[in-house]
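Below you'll find the structure, written out as structure tokens, and then a few comments.
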Amino acid sequence: MFQTLYSYFWWERLWLPANLTWADLEDRDGRVYAKASDLYITLPLAFLFLVVRHLFETYVATPLAGLLNVKEKVRLKATPNAVLEKFYAATSKHPKQADVEMLSKKSGCTVRQVERWFRRRRNQDRPSLLKKFREASWRFTFYLIAFIAGMAVIVDKPWFYDLREVWKGYPIQSVLPSQYWYYMIELSFYWSLLFSIASDVKRKDFKEQIIHHVATIILISFSWFANYVRAGTLIMALHDSSDYLLESAKMFNYAGWRNTCNNIFIVFAAVFIITRLVILPFWIMHCTMVYPLDLYPAFFGYYFFNFMMVVLQSLHIFWAYLIIRMAQKFITGKVVEDERSDREETDNSEEEEEVAKNGPLSNGHPVLNNNHRKTD
């Protein structure tokens, strides 16, 4: 049965245009073609990325945070209370008013003390500023290097300047070593993001992030073994062009460099909107939807690839909406914060206690909290 399913899955009519078979893409005469088996290496590389990330965050990002004077807010811990802790862990982190009154009677605390306990307990679970800075530093480093490498891979290719060249001779297009490694490294990195998403800083768009990572992995994988490599390299470089700007803005925000953060964010917003809402749909997606039909009839692989592109574009529109809302707040002089952030909670009684114990503390929310997009 497994062999039957395997044969159906790799049926040429699913992945290749009519009158072509996998035999047409076998290596010959010194020309190497993309093969699905090449992707096996990305899983061990993904775990290697996780190791490298741990070392980077420990020995590079943490000392850098110290140099930039990244400071943690003083958080008051919730006093141990078995009744409240059980409700917090098993029922809800945000109890309703009726629950608060019920817990007040069970725990022997006043209603205000219960409310304060839940605020402090939720704050304890929120990621520290250092964790956010380390995560942003790692992603900034990768996205910047990936963007530079991606441009080096495609800038001298004819399809970078003429998108019709993307399909010239398709699918009999050999793969260069630079394209191979660009694909393997990008795919491995997104696998590592998917593996670590549960332990990374959680955002309000957590589900959208998972959809984005899965869609990206499927797109990269499919474009490789269906030999959409030329289009794939263009798409990956286009995405990397704005991601490193967002991560650098987060880093400067955590370091307290507000003006630098705001200026970089403006540049990021402009690059994001131009690349994801203009170039991608009107150039790249036009290239993948229209030009192939001049060469061969539409087939399953054509529909599948473009469907995944539409999914990715839908996420871009969602994130662009959040970015524009942030930009509007910035332009009108309001405090700008990431619409996806999970802000830390305070109340007047806690602020008074903190001032008494620790001196004046700043309770203003930062311009950006730590979030991804490919836009994460």
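The backbone N, Cα and C atoms fix where each Cβ goes, and this holds for glycine too.
Quick look at what TrEMBL annotates:
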DNA_BIND  69-129  DNA-binding region
COMPBIAS  344-354  compositional bias 'Acidic residues'
DOMAIN    67-128  domain 'Homeobox'
DOMAIN    131-332  domain 'TLC'
REGION    337-376  region 'Disordered'
TRANSMEM  39-56  transmembrane segment
TRANSMEM  140-160  transmembrane segment
TRANSMEM  180-198  transmembrane segment
TRANSMEM  264-284  transmembrane segment
TRANSMEM  304-324  transmembrane segment
Quiz item: Quick one: mean pLDDT on the DNA-binding region (69-129)?
Solution: 83
Quiz item: Taking residues 6+ outside the transmembrane segment (264-284), which of them lie with a CB under 8 Å of any CB in it?
Solution: 163, 231, 234-235, 238-239, 241-242, 245-246, 248-249, 252, 313, 316-317, 319-320, 323-324, 326-327, 330, 336, 367-368, 375
